[in-house]
């Protein structure tokens with residue numbers, strides 16, 4: 001925790017900011033990209049959201065009180081940015097979030113940056129059929145292998161509720177795959 | 001067909017990929033957007049070049065020291081040479097007044113014969129200051 005405080009001080013210090021921010025980028029760019037990509041599904045959108053996330057992190061560091069871990073604070077920003085991006089995109093096309101989700105899944109087959117096979121595509125379709133919260137919990141637990149405690153800090157949901165959410169998500173996915 | 005069970009089957013990956021070198025370029029791209037001065041990357045070879053240049057400069061300066069010393073020594077030698085030559089001509093050679101007369105032509109002799117207005121006191125002072133002159137006059 002002390003190390004994290006020192007690191008935040010470095011990020012706020014104009015003399016050390018540059019080096020510290022490069023360190024932050026190196027540590028977070030890949031896991032954050034994966035997290036965002038699993039929400040927005042498309043690479044270009046993930047790239048935009050990832051950049052916006054880091055810009056928001058950089059601009060709001062001075063307001064970071066250290067009440068939560070830096071890791072969960074950054075993930076929370078990334079999650080909000082990705083969900084806001086999807087909602088704005090749906091609004092822009094005058095469609096519902098569910099319709100947009102299905103459209104994005106359909107586009108995956110033609111996406112040069114999706115190399116998934118039949119089962120991987122089917123899994124993505126199954127996930128898209130879940131409610132938003134269950135989707136998030138499943139992706140963070142199954143693909144990103146985050147601990148329930150970490151997901152709890154990011155999403156602000158109790159560990160018990162997350163376990164129940166994940167259990168429901170798995171059952172629904174299995175049913176979807178078996179029936180399609 | 002066997003029933004699909006997520007926990008029993010092999011881990012299914014997302015299937016997502018990124019453009020080549022995406023993460024390598026991302027940092028630079030973002031740094032530009034944030035207007036943070038990018039860290040200065042000083043290539044190792046450039047550092048070495050500077051070091052080599054410093055060593056070479058010191059080496060050249062070290063080589064120049066004896067040359068500079070020699071050139072000043074040469075100047076001193078030239079001055080010494082003139083004095084030596086004068087002394088040599090005065091005391092070490094067999095050049096006498098007859099040789100000089102032979103070398104001098106009529107115009108030189110006329111020039112020497114031209115009257116020089118000197119007061120007696122001036123001549124006396126010169127004789128006092130330059131003891132050699134007396135010897136030359138006698139000769």
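Each residue, glycine too, has its Cβ placed from N, Cα and C.
Where the annotation comes from TrEMBL, it is an automatic prediction and has not been curated.
Per DSSP, the domain 'RNA polymerase sigma-70 region 2' (A:26-90) is made up of 57 helix, 0 strand, 8 coil. Summarising the annotation, TrEMBL assigns domain 'RNA polymerase sigma-70 region 2' to A:26-90.
Annotation comment: TrEMBL describes A:121-173 as domain 'RNA polymerase sigma factor 70 region 4 type 2'.
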Residues in the domain 'RNA polymerase sigma factor 70 region 4 type 2' (A:121-173) grouped by DSSP into helix, strand and remaining coil: 43 helix, 0 strand, 10 coil
